[in-house]
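I have placed the structure first, in the form of structure tokens, so that the comments after it can refer back to it.
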Amino acid sequence: MTSKAAAEETEPGPAPDRAGPEQTGAEQTGPEQTDAGAAADGQEPVSVRMRQLAEAAGPTTLATALLIYFGYIATRARFAYFGISIDMTGMSNQTLLLLGLEVVYVPATIMCLSALLAIGAHTLLTRQIARHPGDTVNAFLAAVIGLVGTLLIARALIGIFLEGTETSVTINVTPLALAFGPVTVAYAIHLQGRNRGRPLISKRLARNGVVSVLGLALAGLLWFSTTVAWAYGTGRGEDDVRELPHRPEVILDLKEPLQGTPSGIAYTPLPSTAKDPAFAHRYRGFRLLLAAGGRLFLVGSAWTLGRDQTIVVPYDGSTRVQLVPQP
């Protein structure tokens, strides 16, 4: 009996007695982790729906749309310099897009360089906050950024309400101030929240603020793109005028005479004994500006804004065209 009792005393305790506390501890840590995750979600400034919207219409999509819009406006301004409306050309969307792509290299380069500068500045600021959280230097930097954003917003309001309506067709800083002023203020609030370790505003207010800031940024960028693209397209039109003497000369034979011709155009009546007597009128000195929609848009080699016009003739059986290269 003694050996049997000793054996019972040396047997290990039941496994459930040791595992019980561990299971209880596991059950207690689960809610803590859930609460922590919920708290983290509560500090998220943008909701899940906003993140889905950002994924659907991300920065790449927005940048591409702005570049296409820039090219379209620049193309309109380029031909409007000669008095031609894109709507009357019958130009296909593919042709219009290809013409617009000729002018997007400069804005695309500027956009990419600006993005790199913004990423670099953001990296430096976040590293500074991570190394010295709660530091007064970080708070000062956030305050300076917020002040800059406030001044930009003030400049945008002055440009919108106090300047004349001609600001819609000239390049000025009002659109940029409208686009980047609210963004700068929102970024300063974000930096100060990270420096303190907790957000400065509630989740709902942050979500509504993000929507408003993005809307103002988009409006400002579209406005700025319009003004810059129109000025850029007008410059392309001026370049076309300087290049006209070096373009191939267009010799135009018509069955009916033109009513008024630009300066520098020579008219020669063709004899009735020619190979095709129906073409009785010849014009020399034209330069081809655009061929679209079954029509030719022609100008003289010495075309001058405000003095000369653009001639539009059908490109069909009633027109005979010869091209003469220029040295």
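Note that Cβ sites are derived from N, Cα and C of the backbone, with glycine treated the same way.
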*Taking 36-57, 168-189 as the choices, which stretch does TrEMBL tie to transmembrane segment?*
168-189
*List, by number or range, the same-chain residues at least 6 past the transmembrane segment (60-84) whose CB is under 8 A from its CB atoms?*
96-97, 99-104, 107-108, 111, 218, 221-222, 225-226, 228-234, 236-238, 240-241, 289-290, 297, 299, 303, 305, 309-310
